[in-house]
Every structure is written in C-alpha cells, then in structure tokens.
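Colleague: Per TrEMBL, Zn(2+) binding site is recorded for B:CYS355, B:CYS357, B:CYS360, B:HIS386. The compositional bias 'Polar residues' annotation in TrEMBL covers B:315-330. Residues or ranges marked as domain 'tRNA-guanine(15) transglycosylase-like' by TrEMBL: B:18-417. Annotated region 'Disordered' per TrEMBL: B:308-330, in sequence order.
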Amino acid sequence: MAATRACGAAANTSENIMSLKKALSVASPLTLRIVAECPVTKARACDLILPHSAVSTPVFMPVGTQGTLKGITVDQLDALGCQICLGNTYHLGMRPGPDLIEKANGLHGFMNWKRNLLTDSGGFQMVSLVELSEITEEGVKFKSPYDGKEILLTPEKSISIQNSLGSDIMMQLDDVVSSTVTGPRVEEAMHRSIRWLDRCISANKNPEKQNLFAIIQGGLNTELRKACLDEMTQRDVPGFAIGGLSGGEEKDDFWRMVTLSTDHLPREKPRYLMGVGYAVDLVVCVALGCDMFDCVFPTRTARFGSALVPWGSLQIKNKQYAKDFEPIDSDCQCPTCKRHSRAYLHALFKSDSAAMHHVTIHNIAYQLNLMCSVRQSIVEGCFPEFIRTFMKRMFPSRDQYPGWAVDALASVNITLE
Amino acid sequence: MAGCRMKLELSRVALGKGRLGVLKGLGKTGQLSLEVPGCLLHTHLGTVPHLTQDTLSTLSTLPSVTQITLSNIAEHQEVLEEFKDGFRKFAGLHDTVLYCALHDPATPCPTGHTTNKTVSVWGSGGRIELTVAKFMALQKAVKPDWYQSMADGETWQINTSHKRVRKSVDRSLAHLDECLLVHQKSQELEGVEVFGVVEGGDILEERVRSAKETAKRPVSGFCLDGLQTGSMDQALRTQLISAVTKELPEDKPRLLQGVGRPDEVLASVEAGVDLFEGFFPFQVTERGCALIFNFNISSNPELAVLEPGEDQETAGDSQHNGDLNPDDQTQMTSFEINLKDKRYQGDFRPLVEGCGCYCCRNHQRAYLHHLLVTNELLAGVLLMIHNTAHYHAFFSALRDALAEDTLDLLKRRVLGQTERKD
C-alpha cells in the first residue's frame, strides 16, 4: 500500500519525530498539528498525535464493531495503512463485557491492535438498533437483545465501559435523535447532551490517556446547532464530533449543518463527522472542514459483493462479471487487485466466505487511499483540482453531479464546470 | 500415454507399518515434490476456506499440492473455456501443483443420481450431470497437473447391495478407460497425470478385483474411494486397504479419499496409504473448534513429562461422552476443543501453547470464544489458520516417526487422549 504508507511516513520525517516526541512527553493524550490548510476551501491536513500512534488526517476510520473488523486480521488492517479504527461500547459492553476486556489489557490487548482505537458511546444504538424503553435525564434504558433484561446506560456507565476498553478516543454519551425527527424533542435532546457531556467529563477516570470528544447535536435546526456549539465549545475537550446527521435527512440540510458546525468549532481541535463514508460525502465534507470520518458502509457493502471504485461501485456478484478477467480496479495496489480478477471473485462468492474478505480488503484500501490522496492534494495546495478530477471520474457527466454537492462545494469557493 | 513424470521414491517400507518417501516430479516443470505420508491442501475453488493470500501465507509449511474439486468448478466450465489459460491462472495460484478431484470430501452429496454413463456433482446452482465427455472437457478447461478419473463411488453413504457395489467397480473401470482414451488424444492434457480410482464398497472380493484391474491401466497413482469416514469402522477399512494395496504396484502413490481424522489417518498409513485429502481442519473450523491433540514425542525429557491433561486440555470432555458418534463427520472429535464453551470465556492462553501459528502467536482463547459467540467472520479465519497449521504439523510428526521408527510412540501420544474420560 505504497500511497497510504507514504501518507503515514510524511507524518514521520525527522523534524516531525522530534515534535512528536515532545508532544508525547507532555501530559495531553492528543495533539493536533495542522500541516496544511487549503486556501480555497475549509480543508485541512493535520497530524493527529494520539497515544498509540500518529494519525494523518483527513482520515477514514473503518468500523470494527465487536472488537474485530469483519473477516480481517489486525495484521491485514495494519498492512493497509490503517492508523485508527472503531469499536463499539454498546456491543462490547454486552459481550464480552468491560470486566473481561479490562483483564485482557483493554480492547487493544483483547483484539491485539497496536494502533489507535475510537469507541462510540453506545448512543447511536438508541436510534439504530434497540427497542427503546425510555430515555430519562438519568440515561437510556435498553432492553438487551440477548436476554431481554433491561439495562440502563448512563453517561457514567458509558464512560466507565470506555475506560475499561481503554480507547484512545472516547465519545460522550449523547441524547441521539433521528435526523428526521422535528419538534421539541430535538431541543430537549440537544440540551440534555450538553448536561451529559459534563457528566461524561466528570466520570472520565483516565483523562491523561483517553481523549473524550463532545458531540454537537441540534438536529437540522440552525439555532439549536449554534446553541449547542456555543455551549460545548466552552468545555475543555480535546476534540469535537458532529453528530445527529447522516441518518436519512435531506443532503441539502445535511451539508448546511456540517458547514455551520465547522464554522463554529475551534481550528486547533479535530472535527469528527460521524457516520459518513460515501466517497462523495467524504470529499465534500473535507472541503467543509472535517478531519475524521467513520462508516460501516464500505465494509458492509463489501460483504454483499459491492466493490468501491473511483467511478462508483461494481456489484461483483452480478452476471456481467462472470467472464470479466480484469481486477476490480487495475490502478489499485491492494492485495485483492494485485492477484484476483472480477471473474474469480464472482465465482468465489458462490463457494467461500473468503470472497467477502477480498472485497472488504479492497474497499478499505479504496477508502484509505482516497483519504490519502485528499490529504496529499491539500498538502500540495491543489485540493480544488483534486475535487474537480474526482467528480469527473465519479460521474459520467456534469448534470449527474448531485445538486447538494455542487452547492456545498460552491459555498467553499469551488465551482464545478 | 498419460503423464508419467511423477515418481514415488520410498525410503522406508515396512509391511503393516506404513511407507515413507517423497513424491517427486510434480508440477509443470516437474520440480516440485510432496513428502509422504502427506495431505493435500484442501480448497474451495482454489481458496483455502476463509483465507486470502495474506492470511494463508502466515502458514510456513504448506503442502505443495493444492486440491480443487469439480463440485466447485463444474458450474464455471464456460468461464474457464473462455479464459483459456487454465484454472491455476484463473484463481491466481502461483507455485503450486494442482490436483483435480471429483467430489468435495467435506460436503457429502445426495445419492441416487449416478447412472451407467454419468455421475453428478452439486454446484451452487444445483446438480450438474457429468458424462466422461463433459468430465474430460472440464479437465481440459481446468488444466490441472493431475486429476482422478471419473468414478462411481456411491457405495458408502447408504447400504449398498453386492450388485450395486459390483456396478460401481465396473462403471469406474469403464470410465477410467474412456478417460484415458480421451486423455491420450488431447494435446491440452499432455504431461498431466491421471489417478485411477479403486472402488468396491465394503466387499473384499470387489475391492481386490477393482485394485487388480485398475492397476493394469497406465495410471500414475490410485485413489481409494468409498472408504470415507462414517462408512465403516477403521478395522474394516484397514482390512480393505491392506487387501487393496497388496494388488497395487509399490512405486505408485495411494490417495485415500474422505478420511481425515488423526486416528483414522494413522491406521490407514499403517495399512499402506500415502496421501490424504486435507479437509479435516476445515470441518473442525466449521464447528467452531480448534485442534489441540498432542503429537509431540520428541526425546526432550522436559516435554516428555507433559502428560495429556497436565498442561494441556482434555479434549472432547466439554461434551458428554455418550454423544460422541465416530460416524458423524460433523460432530466434534476428541482431538479438539469447542471454543464456544463458556469455560474459554476468560481463558487467556493461546489455543495451543508453543504452536507457532499466527492465531496462537497473536490471540487468546478468550478472544476466539468472543468471536464465535458474536458470530464474527474472523473466527473462521483464525481457526482455519490454526487448524491447518496443527494438522500439517501432525503429518510432519508422522513422517518423523516413520523415519525414526517411533510410530507406536506417536500412536500412543495421539490416541491416548481419546481414552480419557474425566
């Protein structure tokens, strides 16, 4: 993975290593060094220095929900150039539970991942997964899908679990409301998230080793978002996430909330846009000022045989690939593309689960490479050009460019001809 | 004349005690070899189940012969014919010998579809009927280094009459003759070796007849079919194999199909078998188990003190002894541990202490347990790595034991564990 490795290497020139060492010797478990800023858009390229290693941003973080990236070993993940990935507090808190993981030397020890980990608080599962019993000021009552028992997830409990997991970045427990919900519930959730942030900060037993990020809420309402931003940025947290988006809302509303958020987030702290993973969304949101992204999409879609490519995606299981003897992407340097053809993978999907792993590896490589190229172009001062080339490759013609993307890019001075 | 570069060089032959040697002259260039007794690398369409090249290459010693089966491949005939360059290239396999078998040993298929002129395989889309013509067309499209001839081995899954067994022998001989005829006329198959298949069910005279007749044909070696795990007890299997191998030339290899359990392997080696299909690690993996049986008989006094059960697991006892049915291929054996069992929840040891495989070097039983309980795909990957490593190391130990004349000691070590009933 030459390209991605080079990205990581760029963060480690001798000059950088000196300041890295300096940074690590200071008590803060997070240091953000802005390496380059795009003069046209709001994009930045940074070195995010975390306890386990430096991370080059913009960065896409693959999701390994249950302490594993589905079907991929930690060595394979490392070889792809991944510097940080996700684990999920809700799932791991259920099985195998925080006590066992603590015994195993945290999630790093349990899954044997030597680089960085970010854990979500379990809040999103409130919207996505579980039959909700009740949300109160105290916390969220879930009904466990495994034994039907009721569990109360409070800010304190979420942080306690994340402390046991030992992740480098922890997320606050937020009162998550679906982005399609309107009305007073949105405001209630926003205010509560602020109160829960404070409780999370108090509950953090390892502030010198684990970074607690706040999550900006407020739905699709400008006033509420702004209010949340104003309040949360007063807290001394090492980073901010933009939450409550990427859940089925109109893209026109989505990008406006993203750019509003980055306008009011401090420059010198990382901005993490949660749940975003489609290539177009990533490129646009980098232009809008975001540094970190996560999404299950690339890895999940791989298991269904969907391979991501610069011009969209290939449904490998479709008949049309049965006799296609080209690799998924002839320009891709990933292990899958170097050895296997679309036709072989198409056939393998009928015989063995390894077919899924091949495509998973390719998709992770695609995402990481995309981010690497984005970063490189920001560093070299040609990000606007990169965006234009990217869009041209992705869409057959100008009139197929998504309207929201055109608008969003225009808002940061990028005109697509 | 079928390819005949394959040469079996035996270094030790002792009646009733197995053969030791090297199968040489393998592959396109004839440069590859395989130690015997040995097992082949079992694959689905050329892929070791669950593994990609990265994970596969963590295994340091792999057999030089990869087994593919027509049950996976038959439905892709058109694709391979359009591809033109053979299966090896299609699958991205590089320096390996390709052996093409008929049926996947890990997946028994439905019976009742074999005729005088055809056998059937089951692909992802259902049953595919093969005549010798189609069978040979497939071989030409696949371009293996070596293949077994088409055979009727449907004598072991169900109770078969004497008449049916006789038919399987007759048909298989007829298929062999037809295959060889086509083979000799095919330029695409020049240099490719053919194994004849010995049938005969559980009937001694038929076994002998099949062996004698098959040995008359110009084949490079012999598959022994119809003796699969679950078809008969090992005593009968040993008796039949011994009778068969008496009729086969000493200098040609014998491959026993469908047998993979360590105890059956040991007994079959003693009866004169050289090669096995390496599917047992896959079966163990599929049931969420890990091979842990001990085959270490080194003369290191420290290691010799390690009695089974002391530092090591008592295999199989997480399951009621009464449930152990040796004939059920899917059921856990006494050579493995069931990692789904609650007892492994907080067990931070590797699967096998001292095992150098990627799984044992990097992960613990507790993690494997978690992966299995949460239905994670990585469980299959890690277990496949370990089980393959463990199994192939067993074969290595078996060869060492034959070389040093310590087979009895190895048997006691490996089989001794099945007797514990704590």
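Numbers here mean position along the shown chain, with the first residue as 1.
Each residue, glycine too, has its Cβ placed from N, Cα and C.
Tell me about the setting of these features in this model.
Modeller: Long-range Cβ contacts of B:CYS355 (Zn(2+) binding site) within its own chain (separation 6+, distance under 8 Å): B:HIS386, B:ALA389, B:HIS390, B:ALA393. A coil conformation is recorded for B:CYS355 (Zn(2+) binding site) in the three-state DSSP classification, outside any helix or strand.
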Colleague: Cβ within 8 angstroms of the Cβ centroid of B:CYS355, B:CYS357, B:CYS360, B:HIS386: which residues besides those meet this for the Zn(2+) site?
Modeller: B:PRO350, B:LEU351, B:VAL352, B:GLY356, B:TYR358, B:CYS359, B:ARG361, B:ILE385, B:ALA389, B:HIS390
Colleague: What are the sequence-distant neighbours of B:CYS360 (Zn(2+) binding site), meaning same chain, six or more residues apart, C-beta distance under 8 angstroms?
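Modeller: When sequence neighbours closer than 6 are ignored, B:CYS360 (Zn(2+) binding site) has B:PRO350, B:LEU351, B:VAL352, B:GLU353, B:HIS386 within Cβ distance under 8 Å.
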Colleague: As a test of the contact definition, list every same-chain residue at least 6 positions from B:CYS357 (Zn(2+) binding site) whose Cβ is closer than 8 Å to its Cβ.
Modeller: B:THR58, B:LEU59, B:ILE385, B:HIS386, B:ALA389, B:HIS390
